[in-house]
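Trainee: Taken from Swiss-Prot, the feature domain 'SpoVT-AbrB 1' covers 5-47, and the record attributes it to sequence analysis. Per Swiss-Prot, the feature domain 'SpoVT-AbrB 2' maps to 76-119; the stated evidence is sequence analysis.
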Amino acid sequence: MFMGEYSHTMDAKGRVFIPARFREELGEKFIVTKGLDHCLFVFPQKEWKVIEEKIKALPFTNQDARAFVRLFFAGAAECEQDKQGRVLLPNHLREYAKLDKEVVIVGVGTRVEIWSQELWNNYCNGAQAAYEEIAEKMVDFLL
C-alpha cells in the first residue's frame, strides 16, 4: 500500500526520484498516465491490469465513456526506474501535470500520484478546508 508525501526536485532531463518506500512495490516497470486534478497517476503493472479491465468494461456506446477511455489510455506510458531509482517522465505527461522543478510524490493506497509543488499546495489548501465535510460524505460509501 502506498502512503506518504515526499518532495523531490526533477532534473533538467525530466527525471524524478521515486521514494525508496515505493520502488519495490511499483516494480522495475510501471504505468504512468494522466490523473485527475492535473496530477499523474502511477500504477504498478498488477494494479494497471485491474484498472484496465474495469475501464475496458465501460460502454463504448456512451460518449463520456469513450472520451474517458481515449484520454486515459492515450496519455499512458510504460516507464521504468533506472539504477538510481529515477524515472524519466515523458514530455507530454510533464506538460499535462505542469511539472517544472519541484514535485511532490504522494502515496494514495493502490497508486502513486506525482504533482507539481504549486498545484499540490493549492489542492491541499482547498481540500483541507473542506476535509471534515468530505469525510462525512465518504462515510456513506464505507457503510
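Keep in mind that glycine also has a Cβ here, set from the backbone N, Cα and C atoms.
The structure displayed is predicted, hence computed values, not measured ones.
In terms of burial and nearby residues, how do these features look in this structure?
Mentor: Among residues of the same chain six or more beyond the domain 'SpoVT-AbrB 1' (5-47), those with a C-beta under 8 A of the stretch's C-beta atoms are 71-73, 75-82, 84-91, 93-94, 96-107, 110-117, 119-120, 123.
Note on the domain 'SpoVT-AbrB 2' (76-119): its mean pLDDT in the predicted model is 97.
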Trainee: Please count the residues of the domain 'SpoVT-AbrB 1' (5-47) that DSSP assigns to helix (H, G, I), strand (E, B) and coil.
Mentor: 10 helix, 19 strand, 14 coil
